[in-house]
Amino acid sequence: MNSIVNGVDLSIDFAGIKAPNPFWLASAPPTDKAYNVVRAYEAGWGGVVWKTLGEDPAAVNVSSRYSAHFGKNREVLGFNNIELITDRSLEINLREIAQVKKDWPDRALIVSIMVPCEEASWMHILPLVEATGADGIELNLGCPHGMPERGMGAAVGQNPDLIEQVARWCKQYYSKPVIVKLTPNITDIRAPAQAALRGGADAVSLINTINSITSLDLDNMVAKPTVGSQSTHGGYCGSAVKPIALNMVAEIARDAPTRNLPISGIGGVSNWRDAAEFIALGAGSVQVCTAAMLHGFRIVEEMKDGLSRWMAEKSYRSVADFSGKAVSNTTDWKHLDMNFKTIAHIDQDRCIQCGRCYIACEDTSHQSIAQLVETSGAKRYEVIEEECVGCNLCQITCPVENCISMVPQETGKPYMSWEQDPRNPFRKAS
Amino acid sequence: MTNDLKHLPRVGENPEMTPQALADNFRDLHPPLTERQAVIESQRCLYCYDAPCIEACPSDIDIPRFIRQIGEGNINGAAQTILEQNILGGSCARVCPTEILCEQSCVRNHDAECQPVLIGLLQRYATDHMNFDQHPFARTADSGRTIAVVGAGPAGLACAHRLTMLGHRVVIFEAEAKPGGLNEYGIARYKMTDDFARKEVEFLLEIGGIEIRYGQRLGDNLNLERLHADYDSVFLGLGLGASRALGLTGEDAPGLAPAVDYIKELRQADDLGELPLAKRCVVIGAGNTAIDMATQMARLGADEVTLVYRRGVEAMSATDHEQEIARANGVRILTWARPLQVLLDDGGRVAGMRFEKTHEQDGRLVGTDETFEIAADAVFKAIGQSFAEASLADPLAVELERDGERIRVDGSFRTSLPNVYAGGDCIAPGQDLTVQAVQHGKLAAHAIHQDLMAKQEAA
């Protein structure tokens, strides 16, 4: 497949895995078998992480598996699943993987694996996967539902020592790139990423899904998805988890030990802009699942088109050109400039007098917007500049784009961090 | 009325006007929203603070609140939000000129969007789909007072309902055989389908404590002096019962009739095919009644309907939206012409109308001496309603102070007579709208209640 789109080269080399574009399908139901994966390649996806293989006998799934957190127009904000790893035999999966890789040599094909945390199990499966010719493996150490109850998935991913151990086995018994997929169901994402690195992993991918209950059936007092009269927590994904994933990607990208560790960004990537954001925060590729499950594989066309046009506009010649470009601007709170001041400005020509900024500021923020009633009865909303702390709330509540802008103020004061701030009682003596 | 028009052919004589065709022509003008549409539309509401739509609503409905309740699937809550301010919220959802009220002021109607939230249709959705086990409003303890309400139109009904909520009993005296006033008799048939006016009144009466006596006409078998003596207070919601005359010779000729009379008959007709049809029809006027008349005659199968108004379109009291409905139904709107002479055939029946072209000179309307004729089988006048003077002819009623012909009231809807209140179209302030009448009735009920309570304390 041509990696040049709109005159821009979208090809990537991710930890040694080459792909014609950075858009990969994550290990999940859409990559369960050759039929789906071939359709994805036909649609133009740059790579696929095959749905997690395990030891035989294959997992058995329950009926009723997904649920969603809906917006009021039934748009899916978040998505939840209680599906386990592949429920097909290892032999069938390996045969299909080998065939697909043979038929689609230019696309990335990565195999997700989850077996018990014992050396023998990994020693057994890795040569079988290697024989398929796939480009690399991804260790599923993050599945939050079902599998941890059996000592796998997130049960491993929540223990850095086990991560390191498993990664080491994989590097020992497998010759191609090893990606460790991390679970977000922990307190500090840097610890498992460092453990993966110590174990010799070539890259990490994140985030796996988040423990969740999306909604309840209030008539029957049971959560969704409902299996008979019961439910269980599932893995949360989709657009709503993007902010959590972005932060975790950034945490690893700016952490000294893992600064150069390749990251495959996962979590709510739904369009080219989401992808660009992950890449700017340090990702070298992105993985998509929910958006494809909601709209089909065709969305990759818009993603490639949008990303390449934006890159051309910004004169980025490759994905690597802007990968990690926003990392250095992402810092700890203590390094923020205490002297920076921004205040809201309302464009009266754009204002539609809905009053949302006013009531939000008046009730819940700093009482910095005045409601003036003109003689005609029309309302006018004005920022009380001396009261405004520049919190952005009014801009967020405003339904009109570009009506409220945050205007940086010239204070004449130099940069001063909290560590330098005389108001800081724990300030280090300079 | 049909006497004036009985020489005309019947609508059903036209083979194209089958019962099915007629039913189709008088279906809901604006089909109601489906559940899905209502939910989607409700999301467009920005839930404004100090919302302009509330200010624009003559009956003070908390519009953002009821729309949010629809969006949250709380339909009964939405309906209650509407009805607590406007007990006739269902009919107002159908007949309000929202394009000059709430929807005009909707912030999404600004230039960048020009697409207000469909407030009227959302209000209809809530009131159509409410499902209460019992009437959602309760009566407080019986005050022992009984108030006479004259007229079971929107003002009288709203007043009665609020009075019973406040603990009083009400007797409504209604001249017609059915309640509802113009909702029952005066609104175009396609704006109020499925006998909605009757159903709405039935719902309103569920509160209890309201008795309606029909066939009771003030100035006929009823007089104000009597009511004043027999009841603790009186509310006059008389409406405007008389149609203005053209003041031309031939005004009584067969073929010339008030539009409201025809509309009333159309609304009550079981079989539209039996109505008289003016194949060539002239309507004189510029308000919503003129539009309703012209449009309905067109939908009944008239070949040619002309609406004639003495001034320009911008001066028409019918909204742009209403004018558009008429035009879409093939009605020709002719402006700057005033009726000069009723043209009669050999049998003395209306054969057309002669008009004089007009223009404005120094703000005054003047004739140009240039005339033209329009042939017509019937001419309908819709040049406004006026007070039925006979209704206020008894010794006490004649003392009522007036503003022009209308009854003068203060800010609390008190007339010049003690314990007598008035509201709706028969008083001076406000627009002649259903929603305005409801608000008058509601506020007058509070004034009546306060005055009664004050008297009780003083005693």
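A Cβ is built for glycine as well, from the same backbone N, Cα and C atoms used for every other residue.
Unlike curated entries, TrEMBL annotations are predicted automatically.
According to TrEMBL, the feature domain '4Fe-4S ferredoxin-type' maps to A:342-371, A:379-409.
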Are there residues at least six beyond either end of the domain '4Fe-4S ferredoxin-type' (A:342-371) with Cβ under 8 Å to its Cβ atoms? List them, or say none.
378-385, 387-395, 397-400, 402-409
Quick one: DSSP breakdown of the domain '4Fe-4S ferredoxin-type' (A:342-371) into helix, strand and coil?
9 helix, 8 strand, 13 coil
Overall pLDDT for the domain '4Fe-4S ferredoxin-type' (A:342-371), taken as the rounded mean:
96
For the domain '4Fe-4S ferredoxin-type' (A:379-409), what are the DSSP-based totals of helix, strand and coil residues?
5 helix, 10 strand, 16 coil
